[in-house]
Amino acid sequence: MSKGPGPGGSAASSAPPAATAQVLQAQPEKPQHYTYLKEFRTEQCPLFVQHKCTQHRPYTCFHWHFVNQRRRRSIRRRDGTFNYSPDVYCTKYDEATGLCPEGDECPFLHRTTGDTERRYHLRYYKTGICIHETDSKGNCTKNGLHCAFAHGPHDLRSPVYDIRELQAMEALQNGQTTVEGSIEGQSAGAASHAMIEKILSEEPRWQETAYVLGNYKTEPCKKPPRLCRQGYACPYYHNSKDRRRSPRKHKYRSSPCPNVKHGDEWGDPGKCENGDACQYCHTRTEQQFHPEIYKSTKCNDMQQSGSCPRGPFCAFAHVEQPPLSDDLQPSSAVSSPTQPGPVLYMPSAAGDSVPVSPSSPHAPDLSALLCRNSSLGSPSNLCGSPPGSIRKPPNLEGIVFPGESGLAPGSYKKAPGFEREDQVGAEYLKNFKCQAKLKPHSLEPRSQEQPLLQPKQDMLGILPAGSPLTSSISSSITSSLAATPPSPVGTSSVPGMNANALPFYPTSDTVESVIESALDDLDLNEFGVAALEKTFDNSTVPHPGSITIGGSLLQSSAPVNIPGSLGSSASFHSASPSPPVSLSSHFLQQPQGHLSQSENTFLGTSASHGSLGLNGMNSSIWEHFASGSFSPGTSPAFLSGPGAAELARLRQELDEANSTIKQWEESWKQAKQACDAWKKEAEEAGERASAAGAECELAREQRDALEVQVKKLQEELERLHAGPEPQALPAFSDLEALSLSTLYSLQKQLRAHLEQVDKAVFHMQSVKCLKCQEQKRAVLPCQHAALCELCAEGSECPICQPGRAHTLQS
């Protein structure tokens, strides 16, 4: 007994033996395939009739909702033929109403919604490999749960052939063997590869990655509508949802357009008012083949089965991409024609990012570029692409389309707030670790102790001014230096940043918990703190040309990383919005009287006189700042030499960044207010619409009641006209328009009615009072019944006095 929906029976007597054997052979079907072949869209949805189906918009229901969505079950009869053709469409079928004059017995294919009769036919269902990937649930990202194409070899099924097709195949093969295997077993995979091979033979450039990235789905298909048999493997688009804007002509980000994509569903690109000028993706094809995303993820089919049916049209990587090296040496960064090198994104004057090769003569020093970018508050990730973008493989970094400018494909101005506070700490740490690996430590001769200080100095050099990590690590270094004895450290340049400078983000907008977690990830061993404190145990005479800060030596040109709070000499108060990292905070809490004599001598003062300044520094050093010559926001540094201009420039850029952030905040507030106002208007409009609907329903009910009443009155009027009762006479001016027979009939009717009236008048006169004509007559003393009792009291009998009676009657 066959498990498939098409029962196999005895073939026609004229069929060849081989074809008869294949028809008689049962086609086993998997349970999932059997369910779809037998029941998909063949019955009406019972929930939709009750208006309870939740899969109507978008329409993903297993059953049909409207008649034009109904699918006839495909059956192979006992004679080996199908109940309707899998290829020839019916010309009488109405796609709007879903009706055909032949009904279900029509031998041709009906073009239902989604072309379900052909896709789910025994001949084609799950016989071809789908070129789209699957999501986390195993469903097709393009066609959803009910995809009619196979996702993997385990989902393939062999097609069921019509006996006439089998006879034609056998006649074509002329008795060759192994026909069944080539038809039944290899048809699905071979058909997919054959279609791609045909396309590649027509246009060999489709094998080039750059050509696919620049031209795939950018031109309309040259074949007539509904005649393209290449399916989704066709490199040309067939509708607006399949179209991809050419990256040569249009610049757009890899993010989906909010006007087109809602949730997981891609809508009509025509809903976007900006059209092709929109800076976001409009279709899934545009997003997958965007230069920032293209080939950035491994292909699932290649990982699972080792082959991909999409071939060169696959948007995912088929070859294992080598990871970027941790140590980017100049020799490895040289670009070659075969394999372009990685691209660094330099900020240009226009605010965009320009790709520059590390080996280019215009490429700046990595550490200088990193420090510059970090000081602006927007750290650039040297280990990959800029923040917020997906890292591309090395072989796609340098792709530039013909006729394009030098701008990188993803070089767009970032939207306000693209760097959230919870990402700043992690980006700083990542940049620091990259810088620690990239920075050569053997560029100049150093003393034995100098490399121990360098990691923390480098950390301060790559962090932006006033950032949470800058103030925290600066306070950490200062606390460590203040709590240890002097050491013979040689003169070195400490690129410490100003801790009193305002942070790039306002204090109220900084998420302290995120910075705390970022600081917890810091490996203090990378800074050489243990070796640094060990080195400080060796006490020697300090260098005469340096400044003594709590037992350490700093060059006079370097800023002092201490906040401007000069009132306290026993503790360190950080101006950073995040909690400072203090390595030796317990030393700062010790009273000044516990300092040893050697320390007092080294500091050049006596603890008993209370002349020690902040953190044990000689108070004479702070005389320049205690006089109030500097504002509270000015850092306690020596503003002289070439560093003053650089500091002024950094402050100016910081002010510009702060003003830009304020403008973004104002714009965001205005947009939020406008959105709130629109939302309120929409709610009010909805309420008014509901009220109008209720009023309309009430008016409709009143109208129906009035119509019923009018109908009743019309029926009553017709009944009166048809009965024997007297009718209202028409206008006298209309009598001449009536026919003579009508006038005779009217005259006869009126005479009959007049006789009835006379009889009624005579009867009423015989029983009513002759005087008042209202009360009934009563018997008078004269035995006459002419007057009522009331009239008889004041009047005499009119019968006894005829003259009186005549007067009464007159």
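Along the chain as shown, the residues are counted starting at 1.
Heads up, the Cβ atoms here are built off N, Cα and C, so glycines get one too.
If you look up Swiss-Prot, you'll see 10-19 marked as compositional bias 'Low complexity'.
As a whole-number mean, the pLDDT of the zinc finger (84-113) in this prediction is 92. According to Swiss-Prot, the zinc finger annotation covers 84-113 (among others), on the basis of sequence analysis.
Sequence annotations record features per position, and here Swiss-Prot assigns zinc finger to 124-154 (among others).
Per Swiss-Prot, the feature zinc finger maps to 215-241 (among others).
Swiss-Prot lists S240 (among others) with the feature phosphoserine, giving a large-scale study or a structure entry as the kind of evidence. Within its own chain, S240 (phosphoserine) has D268, P269, G270 as residues 6 or more apart in sequence whose C-beta sits under 8 angstroms from its own. S240 (phosphoserine) falls outside any helix or strand according to DSSP and counts as coil.
The compositional bias 'Basic residues' annotation in Swiss-Prot covers 241-253.
Annotation comment: Swiss-Prot describes 251-285 (among others) as zinc finger.
The zinc finger feature in Swiss-Prot is assigned to 293-321 (among others); the stated evidence is sequence analysis.
Taken from Swiss-Prot, the feature compositional bias 'Polar residues' covers 328-338.
According to Swiss-Prot, the phosphoserine annotation covers S374 (among others).
Under the heading phosphoserine, Swiss-Prot lists S378 (among others), citing a large-scale study or a structure entry as support.
For S385 (among others), the entry in Swiss-Prot reads phosphoserine.
Taken from Swiss-Prot, the feature phosphoserine applies to S631 (among others), supported by a large-scale study or a structure entry.
With DSSP classes pooled into helix, strand and coil, the tally for the zinc finger (766-801) is 8 helix, 7 strand, 21 coil. What Swiss-Prot lists as zinc finger is 766-801 (among others).
Note: the zinc finger (84-113) comprises 4 helix, 2 strand, 24 coil (DSSP; helix = H, G, I, strand = E, B).
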